[in-house]
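> So that we are looking at the same thing, I have put the structure below in structure tokens.
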Amino acid sequence: MRVYKYHVIHFTIYDFIFSFNLGTLIKPDTIFPFNGAYVKGWYRYFGDNGATICMISIIVTGGHAITTQCICLVYRFAVLLDTRKLLALMSDWKAYVIGYVISTTIYTLISVFIFAKIVFPVDEVHRQILEVAKIFPNATLPDFNQVILYLPPTTEHSLGAAIFIFCGFMTAEFVSVGSVYMLLRKLESKKASFSKATYRLHRQLTIALGLQLSTPFFFIMAPVSYWVVVNYPYGYMDYSTSRLFLLYIEMYGTCNSAITLYFVKPYRNLVTSKIRMAFHYATCRRYGKEEEILVVMPPESTLVSSGLT
């Protein structure tokens, strides 16, 4: 478990970065019926380049959230297969650094050559919004002095980017779900080689990862798909509903972290003990006084306990 904690940290960090990027750095404020939003976050200080930076950051942070999910599954395979070299590689911080530098480079290049083309120059954005405004004569024009992330749904680049995202996401999900199924079968076949506590912890970790595979679908793909269906080709969703949708998407990282903390008993016990301790001090030591639960992590396998812990 000592090695696995790094994967849990990386998993939650990239979920947090995705939510932080969307909710703080971009902080979109929709401009219905036009298919776009004001950039209210920190990226607005980049001026005319702010919209392009927003698009690139969404792809990079979203890609890393999915990548880290797959890395956790690879580590589970390495543990159950007792693969010493792979475990050593997965626990090497240099491998993490090199891996994330490579993945960041790949996602950035994909963003620049595919997704950045969706974002039009400022003058073209203004022209297209004025054209759409003719269809909605009662609509209020957005403030063109602000940074606007405008995503026209009818262009060739938009269609290509949507197909790329959908196919890539579904491929990753099918592979990940298949991996979880194989992990559970492998774990069941090696049940006799683990202690009862270690087997239970292995199963909890694998099931938690499996549940986390569903969060990108429910918190990203499902609301985004519904958003596209309702607003295609132009925005028909009201402002309040759009804000709820954005908050729902931003909850993606929180939900993933909550699954890890709730379904894995050692983590749940640790968090519960810390909450009780905080409540104890907050009530001037009148309530909540209990002995802190010591979290004892059983070894993953005989290989890990003899070589890596």
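Glycine residues also receive a Cβ, built from the backbone N, Cα and C atoms like all the rest.
Checked TrEMBL, it gives:
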| type | residues | note |
| --- | --- | --- |
| TRANSMEM | 7-26 | transmembrane segment |
| TRANSMEM | 50-75 | transmembrane segment |
| TRANSMEM | 96-120 | transmembrane segment |
| TRANSMEM | 159-184 | transmembrane segment |
| TRANSMEM | 205-229 | transmembrane segment |
| TRANSMEM | 244-264 | transmembrane segment |
> For the transmembrane segment (244-264), find every same-chain residue at least 6 residues outside the stretch whose CB is under 8 Å from a CB in it, and list them.
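Here the qualifying positions are 8, 11-12, 15-19, 22-23, 28, 30, 65, 201, 204-205, 207-208, 211-212, 215-216, 219-220, 223-224, 226-227, 237, 271.
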> Do any residues, 6 or more residues outside the transmembrane segment (50-75), come within under 8 Å Cβ-to-Cβ of it, and if so which ones?
3-4, 7, 10-11, 14-15, 17-18, 21-22, 25-26, 39, 43-44, 86-87, 90, 99-100, 103-104, 107-108, 110-112, 115-116, 118-119, 125, 147-150, 169, 172, 175-176, 179-180, 183, 209, 212-213, 216, 220, 252-253
